[in-house]
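According to TrEMBL, the protein carries these features:
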- 305-318: compositional bias 'Polar residues' (COMPBIAS)
- 336-345: compositional bias 'Polar residues' (COMPBIAS)
- 364-374: compositional bias 'Low complexity' (COMPBIAS)
- 26-151: domain 'Ig-like' (DOMAIN)
- 159-245: domain 'Ig-like' (DOMAIN)
- 291-375: region 'Disordered' (REGION)
- 1-29: signal peptide (SIGNAL)
- 251-274: transmembrane segment (TRANSMEM)
Amino acid sequence: MVSLPRSPATNLLRLLFLGLSTLASPSQAQLELHVPAGLTKLKAVEGAEVVLPVWYTLQGQVSSSQTWELLTVMWFLEQEGKDLNQVLAYISRTTTSKPRVSLVYSMPSHNVSLRLQGLREKDSGSYRCSVNVQDHQGINRSHSSKTLELSVLVPPAPPSCRLLGVARVGTNVTLSCQSPRSKPAAQYQWERAPPSAQVFFAPVLDAIRGSLSLTNLSSSMSGVYICKAHNEVGSAQCNVTLEVSTGPGPAVVAGAVVGTLVGLGLLAGLVLLYHRRSKALEEPANDIKEDAIAPPTLPWPKGSDTISKNGTLSSVTSARALRQPQGPPRPGALTPTPSLSSQVRPSPRLLRTDGAHPQPTSPSPGGVSSSTLSRMGAVPVMVPAQSQAGSLV
């Protein structure tokens, strides 16, 4: 066999093809991320831990010892209405992350799964994993990303039970139950505790709003009613005690109280009015008339006794003592002298002891009649008189 000589152009084309083939081998390596089937949407309970599983492969890779493979791994959290949030980054063999976030395996590794600890409701959202492969010169060779959905569920918080209405025989009441926090929304179930155990259903029970309607109450319906709030990750409960009363309602009691208060108010007003009217009638009777004329003073009757205004016997004077004794006075004899020491006004009425008719009083030795002395405030003094024989009468 004879070989034909090759032209220089043919040799040049052959060298170019071999060179391109050599350069094309690593560039054909493609990176692909993998997520287990059925785990693209995850659910976890608040407070627990979850792993978002992701790993990658390189298609067309000849040997795992290739020196051009350099990884860049980044995890992002996407939430509706919020900016893109980076939660972890592995760049140039250095890892940085948010609190409670870490990689499951140490890098470099083909498994780039993300671990979240101490889950909170705000951790819910879409987590996107982005992996980039570079050669030793820093040239990007391949890139891929995957997204996983995470929903953090919250068990129902302890609900609040209330009684709406007045629990009396024949009335209607509603038992209300509501949990302040739950994801997904809680469902409610009411039941009556033993010994009279009973489970309620629609239409008296509203499982969405948590209300139980009890109509035409009777005493036998008294007891403890329990409400259970539940969702797919937990439950909580509360209870309320129903006591059906047979007495008057609060409206009747309130009316009786108001009526009593009004009656007491009217009674107090009548007493006050009567008191003021009595006081007004007494005041004119106690008024002193300054222009009133003093009653006339009656003359002293013969042999009468006079009692002072203050009710004490001031003096008893005989009409005979007011007369001037006959004959010249004896030495040592007492002369009647009117006393002005007491300023007591005489009483308009005189008590007569002997029943004799009143006679005009003879003037006193000093020339002043007894009636004048009486008007001046003098008090009659009884003075013993002497008889003609010289003895005291």
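Cβ coordinates are placed from backbone N, Cα and C, and glycine is handled just like the others.
What TrEMBL says about a protein is an automatic prediction, not a curated fact.
For the domain 'Ig-like' (159-245), residue counts in helix, strand and coil come to 3 helix, 46 strand, 38 coil, using DSSP. Over the domain 'Ig-like' (26-151), the average per-residue pLDDT in this prediction is 85. Helix, strand and coil counts under DSSP for the domain 'Ig-like' (26-151) come to 5 helix, 67 strand, 54 coil.
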